[in-house]
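Visitor: From Swiss-Prot, for reference:
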ACT_SITE  173  active site, proton acceptor
BINDING   48, 79, 103, 123, 154, 155, 173  S-adenosyl 3-(methylsulfanyl)propylamine binding site
BINDING   78, 173, 174, 175, 176, 242  putrescine binding site
DOMAIN    17-254  domain 'PABS'
């Protein structure tokens, strides 16, 4: 693994020396900056540039291709919500597939559910896994669960070999729809996910920001309504270091036993047996679960129009 060196990163701002600035065509005309105390790692995998730095205010930060993936301070808001929104909406999930999520945070959260017997994870970039284990052990702790089976490879290709109806839940923890994650936002991928789910199975996928990406969200909603014949919903949460400070999730179910995503029936926050090894939940609870489906009027109009 390539270690940090004194070579200046292209993502360290030349306008504000010593600050990391997140600049992307996905959010033109704006940037979010964090003060850098020390660059801990820089490397280039077969798929993307990887960087870790110590920030002044958010702890250690993981960057992929110039975009913040997680910080120690606020990763809980994303990891807990993308995991427990789907898993708390169905009774006794047993088989779970995670696509992406190489940092291990979703695995950490899935492992809180005692009913789960099998956790498969398919991550394309081994460097992300190795870097997360080295610099974010409290996140990557999920890999230590004996129920976890790691598959290093392309999630799209992995799904093609999954038997129909294998999983109770699929969680797609992808980066933004450019580069290696682009296929994870396209219709053929969602069709593969639906085939891999049992009747009444659920999927939760990262679905961008209502403030920045309504055009992308519209396409995702339209595709999901064509493919998933159960329930299709959009939820959101707040993550301060993500662009616009919020991130959304598509939650869908296949035809079969009805799933009411807005009313959790399998509350993980009612059982504290998992806290000894995973620590207490920092963000998720049953009340915020239901509240996350309440959308601002402008977003509600657009998303509901795609169901007509």
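Just so you know, glycine gets a Cβ as well, placed from its N, Cα and C.
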Visitor: Rank aside, I only need the closest one: which of the recorded positions 173, 174, 242 has its C-alpha nearest to that of residue 79 (S-adenosyl 3-(methylsulfanyl)propylamine binding site)?
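Guide: The smallest Cα gap between residue 79 (S-adenosyl 3-(methylsulfanyl)propylamine binding site) and any of the recorded positions is with 173.
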Visitor: To see if you understand the setup: which same-chain residues, six or more apart in sequence, place their Cβ under 8 Å from that of the residue listed as 'active site, proton acceptor'?
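Guide: The list for the residue listed as 'active site, proton acceptor' reads 82, 98, 99, 100, 101, 105, 106, 206, given in order along the sequence.
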Visitor: Find the one among the binding-site residues 48, 103, 155 whose C-alpha lies closest to that of residue 78 (putrescine binding site).
Guide: 103
Visitor: Would you mind checking how many other C-beta atoms are within 10 angstroms of the C-beta on residue 174 (putrescine binding site)?
Guide: 19
Visitor: Could you say whether, by DSSP, residue 155 (S-adenosyl 3-(methylsulfanyl)propylamine binding site) belongs to a helix, a strand or a coil region?
Guide: helix
Visitor: With every protein chain in view, what's the tally of Cβ atoms within 10 Å of the Cβ of residue 48 (S-adenosyl 3-(methylsulfanyl)propylamine binding site), excluding that atom itself?
Guide: 20
Visitor: In whole Å, note down how far the CA of residue 242 (putrescine binding site) lies from the CA of residue 123 (S-adenosyl 3-(methylsulfanyl)propylamine binding site).
Guide: 21
Visitor: Here are the binding-site residues: 103, 123, 154. Which has the lowest count of other Cβ atoms within 10 Å?
Guide: 154
Visitor: Could you say whether, by DSSP, the residue listed as 'active site, proton acceptor' belongs to a helix, a strand or a coil region?
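Guide: For the residue listed as 'active site, proton acceptor' - judged by DSSP and reduced to three states - the answer is strand.
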Visitor: Give me the non-local Cβ neighbours of residue 242 (putrescine binding site): same chain, 6+ apart in sequence, Cβ-Cβ under 8 Å, ordered along the sequence.
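Guide: The list for residue 242 (putrescine binding site) reads 68, 78, 209, given in order along the sequence.
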